[in-house]
């Protein structure tokens, strides 16, 4: 008997597909399905196997995947990753992070990364997100989302695991059984082994209903996200900081969404619920001169002068770091940023008359602005132009002996302004420890 199993259709026919291939039942069925489509082979079909190095059979699993791909004439990428045991996020999450990084590194521009999540996985994900109190998370897994240089595609979300098993047996496929899938210490395994079977006894269509709820939640989330995308730009200043007065003009529920959208837009980690609560309770009503802050996942939201700033703390610069810089080539800073001279007429950058020293602030510096006859404390000048305190600490100073010529590219002393103008140059500071991530 032939099992009814419609082949997954790629959203953009003609685009190459990279299949995440663990060797388990789900990814074996997906890869075999796609390999059975001549047109997909013509346009490009490859697989990637992640060797986490965590299981005693990891080498055997890699060999199994290599043999399968050799048998079916599929190019296989094998990515050996290092999973940190001290990341602070747990071993399972650390493995997921390493896996996604390997996928992102391998996926080429515009291509599709195909994952074999199915309807049962979707139901488990919905339950996990519901138990964690994640509202937007109830959308669970999307069929198609942007990822790295291409897209992440889940073509089996409408198929049950039972359908995949029927297909694999009919096609006489071999697959790997991972013993860790029976480890009840993992929440997902507990749901799959104990909770969902109990739900099915009472409601046989429970898995399909939960997966349908995820699709409905995704549709609703898309509508709300579209509204957030329209509202958010009006709340941001040119540096990407969030205007507190504009934010508090919205009701609390919308503020929470806008805060999360702001973090996502800046590439920050997802803002947890406790972060929203602390911002509402402590940051928004704080005094004008408050240094209130919320920290999570090596990221900070700070309040300063009626603005909220996203900030990723960096270690202080080495106290003895003060290289001489000619200006001819960019100078790489300790935080990964750089100083460079930019020509306004595209000529070759000539460099300074003599090398200048670059160092971090020590306190007590003074600077003479153009049109002034006496110097001013650098601290006061930075305050006047609205540079947040935490950014001042990582601002490079360009010095000629004891004379301060520039603080980043925000404050330039009169002699440097004259020289830059004469040579049609601009001083640029690109910081990796930016005000907004």
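Even glycines carry a Cβ here, placed using N, Cα and C.
What Swiss-Prot records for 22, 23, 24, 25, 26, 27 is ATP binding site.
Shown here: features listed in Swiss-Prot, placed on the structure.
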residue : record           : contacts (Cβ under 8 Å, 6+ apart)
22      : ATP binding site : 49, 50, 61, 65, 176, 178
23      : ATP binding site : 49, 61, 64, 65, 68, 175, 176
24      : ATP binding site : 116, 175, 176, 177, 178
25      : ATP binding site : 161, 164, 165, 168, 175
26      : ATP binding site : 116, 117, 118, 121, 156, 161, 164
27      : ATP binding site : 19, 20, 21, 115, 116
Output field, ATP shell: CB within 8 Å of site CB centroid, site 22, 23, 24, 25, 26, 27 dropped: 21, 28, 29, 116, 175, 176
